[in-house]
Amino acid sequence: MKLQFNLKAYFKTSADPTPAKDAIAALFEEANSTLLTRGAPEGQGAKVTEWKLGEDRIELTLQSGRYVRVHDAIFRLRKQLAEALGKKYKIGIRGIEVESFIIKVPADHELRMLKVPYIKSMENIEGGIQLELEVGEAEMKNRVPDRILTLLEEKIEAAQYGAKAEHWNLLWQREPMEHPFKEDPTQAMMKEGWLKRGSSRGQWIHGPQSARIFRTFEKIVLEELLEPLGYREMIFPKLVTWEVWMKSGHAKGVYPEIYYVCPPQTRDPDYWEEVADYYKVTHEVPTKLIKEKIAEPIGGMCYAQCPPFWMYVAGETLPNEEIPVKVFDRSGTSHRYESGGIHGIERVDEFHRIEIVWIGTKEEVLKCAEELHDRYMHIFNDILDIEWRKARVTPWFMAQEGLLGLAEENTVGTTDYEACLPYRGPDGEWLEFQNVSINGDKYPKGFNVKLQSGDELWSGCSGVGLERWAAVFLAQKGLDPANWPEEFRNRVGEMPKGIRFL
C-alpha cells in the first residue's frame with residue numbers, strides 16, 4: 001500500500017455556478033495536468049476525480065499521494081476558481097466545506113486508536129491503517145492533517161523499531177572480575193546507617209558517609225574530565241516550563257514520567273484562609289480543596305537536565321571562534337516518576353546528576369564525545385576499577401520523533417555504560433549507569449541557535465547520575481573502604497562518622 005489521501009468537499013458559491021459549468025470543467029481538466037502536479041514527481045500529483053454542481057456549491061473529490069496533498073490541492077483550486085468565476089461570471093467562492101477526509105497509511109504493525117482531536121475514526125486494514133479526519137477549512141489551512149500524519153508515521157516507525165533487536169549493540173566490555181561482595185548496596189547502606197528513605201516515593205536522605213561518596217564522585221568528574229576538557233560550570237533552572245519542553249521535543253511524550261508544577265491561583269491570604277483553617281481544626285491537609293485553588297500546570301520539575309539550558313542560547317548566533325561551547329550543571333535534583341513498587345538507590349524519583357552539554361559543528365561534537373568516552377574509560381578502569389561495558393543504543397526521542405534513520409548512520413545516538421550488579425547473580429540484568437548522547441541538530445534547531453558562518457550546529461549531552469554510580473561501585477566493592485581501589489580510597493580520605501541513634 002502507498003500513502004493515499006481522499007477528500008470529498010465542496011466550494012460554497014455566492015450564486016448558482018451552472019452558467020460556468022464549461023469553464024469549471026476546463027479548469028479542472030487543466031489543473032489535473034498542471035496546477036495540481038507542481039512540486040511532485042511525474043505522475044504523483046493530486047487529481048480531481050469527480051465533480052458536480054449544486055445550486056450554491058461546486059462539489060468535488062480529490063485524491064493524492066504524498067506529494068501535493070489534497071488539503072494543499074484544494075486551496076490551489078480555490079484561488080484559480082475564484083479568479084476564473086469572479087471575473088467573467090461574478091460568482092464568488094465563500095468557503096470550503098469538508099464532507100469526508102480519509103488517509104490510508106502503509107504499516108506492517110497494527111496500532112491502537114489515536115486519542116487526539118480531529119480523528120473521527122481509525123481502522124487497521126490490510127497493509128496499513130485508515131484514518132478518517134474531522135477537519136474543516138481552518139484545520140486544513142493550519143496543516144492539521146500533516147501533523148496527524150506525522151504523528152501516525154512516528155508511531156508506526158517506533159512500533160517497527162521496537163520489534164527489532166538491533167537497537168542495542170555492544171561496543172566494548174571489560175574482562176570479567178571477581179566480586180566478593182554479594183549484597184544489595186541499598187540494603188547494606190540502610191543497615192549501616194548511611195541513608196534512610198525520605199517522605200516521598202523514590203526519595204532518599206543521604207547521611208554523611210553516602211554524601212562523602214557522592215562528593216568524591218563529583219570531585220573525580222571535575223578533576224579528571226570537566227576541568228581538563230575545558231567545561232565551564234553553569235546553573236540551569238530546575239522548574240521546566242511547557243515552552244522549553246515544546247522546543248526540546250519532550251512535549252511529545254514526557255507526560256507519564258514528570259512531576260507537574262501548579263502555582264497558586266492567587267497569593268491572597270483570604271483566598272487560602274479556609275485551607276489553613278481546615279488544617280488547624282482537623283490536622284489534615286485538604287488536598288482536594290487545594291486542588292480547586294491551584295492553577296493549571298505550568299510545566300514540571302527537572303526531568304532531563306539539559307533542556308532548560310537552551311533558553312540561555314535560544315535565538316542567538318554563536319561566533320565561530322566561540323565553539324565548541326562546553327558547559328555543565330550540578331546545581332540541583334532531577335525528578336522522574338518511576339513505575340512499579342519500592343526500589344533502591346539504582347532507581348529513584350529524585351536524583352542527583354552532573355549534566356554535561358556541548359555545542360559545535362558536527363565534527364566538533366563528535367570529537368567532544370570521543371574525549372568524554374576516553375575520560376570515562378580512564379575513570380571506570382583506573383580509579384573506580386569496576387566491571388563495565390558500553391553499548392550503542394537509540395534513545396527514546398528518536399523512535400518518538402521519527403529520527404531513526406539518523407541513528408542508523410552511527411553518528412546521532414546514545415552510548416550507554418552498563419555495569420554488572422553481583423547481588424543479582426551471574427545472569428542478572430546489568431545496570432545502565434552512564435551515557436553519552438549525540439543529539440544532532442535537534443536542540444539547535446528547536447531553540448533557533450545559529451552559527452556565524454551559517455554552518456549547521458550540533459549538540460551532545462552526558463549525564464553523570466551519582467545514585468547510579470554509587471549503586472554500581474558499592475555493589476561491586478562493598479561498603480568497607482579497605483576493599484576499595486587505592487586510587488579511589490585516597491580521594492575519599494577518612495570516611496566521616498555517621499549519626500548515632502539510641
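For all residues, glycine too, the Cβ spot is worked out from N, Cα and C.
Features as listed in Swiss-Prot:
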BINDING   ALA304, ARG336, ARG353, ILE354, GLU355, GLN400, ASN435  L-serine binding site
BINDING   CYS306, GLU355, CYS461  Zn(2+) binding site
BINDING   ARG336, TYR337, GLU338, ARG347, VAL348, GLU432, ARG468  ATP binding site
BINDING   ARG336, GLU338  Mg(2+) 1 binding site
BINDING   ASP416, GLU432, ASN435  Mg(2+) 2 binding site
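Structural mapping of features recorded in Swiss-Prot.
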{"residue": "ALA304", "record": "L-serine binding site", "DSSP (3 states)": "coil"}
{"residue": "TYR337", "record": "ATP binding site", "DSSP (3 states)": "coil"}
{"residue": "ARG353", "record": "L-serine binding site", "DSSP (3 states)": "strand"}
{"residue": "ASP416", "record": "Mg(2+) 2 binding site", "DSSP (3 states)": "strand"}
{"residue": "GLU432", "record": "ATP binding site", "DSSP (3 states)": "strand"}
{"residue": "CYS461", "record": "Zn(2+) binding site", "DSSP (3 states)": "strand"}
{"residue": "ARG468", "record": "ATP binding site", "DSSP (3 states)": "helix"}
Students should find that the Cα atoms of GLU355 (L-serine binding site) and ARG468 (ATP binding site) sit apart, in Å rounded to an integer, by 14
Of the binding-site residues CYS306, VAL348, ASP416, ARG468, the one whose Cα sits nearest to the Cα of ASN435 (L-serine binding site) is ASP416
Cβ neighbour count within 10 Å, max among the binding-site residues ARG347, ARG353, ARG468, goes to ARG468
Within 10 Å, the Cβ with the most other Cβ atoms among the binding-site residues GLU338, GLU355, ASP416 is that of GLU355
ARG468 (ATP binding site) sits from ILE354 (L-serine binding site) (Cα to Cα, rounded, in Å) at a distance of 12
Listed in sequence order, the residues of the same chain lying six or more positions from TYR337 (ATP binding site) whose CB sits under 8 Å from its CB are PRO256, GLU257, ILE258, TYR259, ASP349
By Cα geometry, the one of the binding-site residues (GLU338, VAL348, GLU432) nearest CYS461 (Zn(2+) binding site) is GLU432
Counting only residues outside ASP416, GLU432, ASN435 in the same chain, those with C-beta within 8 angstroms of the Mg(2+) 2 site's C-beta centroid are ALA391, VAL393, THR414, THR415, TYR417, GLU418, PHE433, GLN434
Candidates ALA304, CYS306, ARG353, ASP416 (binding-site residues); nearest Cα to GLU338 (ATP binding site) turns out to be ALA304
Students should find that the Cα atoms of VAL348 (ATP binding site) and CYS306 (Zn(2+) binding site) sit apart, in Å rounded to an integer, by 19
Note on Zn(2+): the CB centroid of CYS306, GLU355, CYS461 has further same-chain residues inside 8 Å, namely ALA304, GLN305, PRO307, PHE309, ASP329, ILE356, VAL357, SER462, GLY463
Here the binding-site residues are ARG336, ARG353, ASP416, and the Cα closest to that of GLU432 (ATP binding site) is found at ASP416
Whole-number Å distance separating the Cα atoms of ARG347 (ATP binding site) and ARG336 (L-serine binding site) is 10
Nearest to ASP416 (Mg(2+) 2 binding site) by C-alpha distance, among the binding-site residues ALA304, CYS306, ARG336, ARG353, ARG468, is ARG468
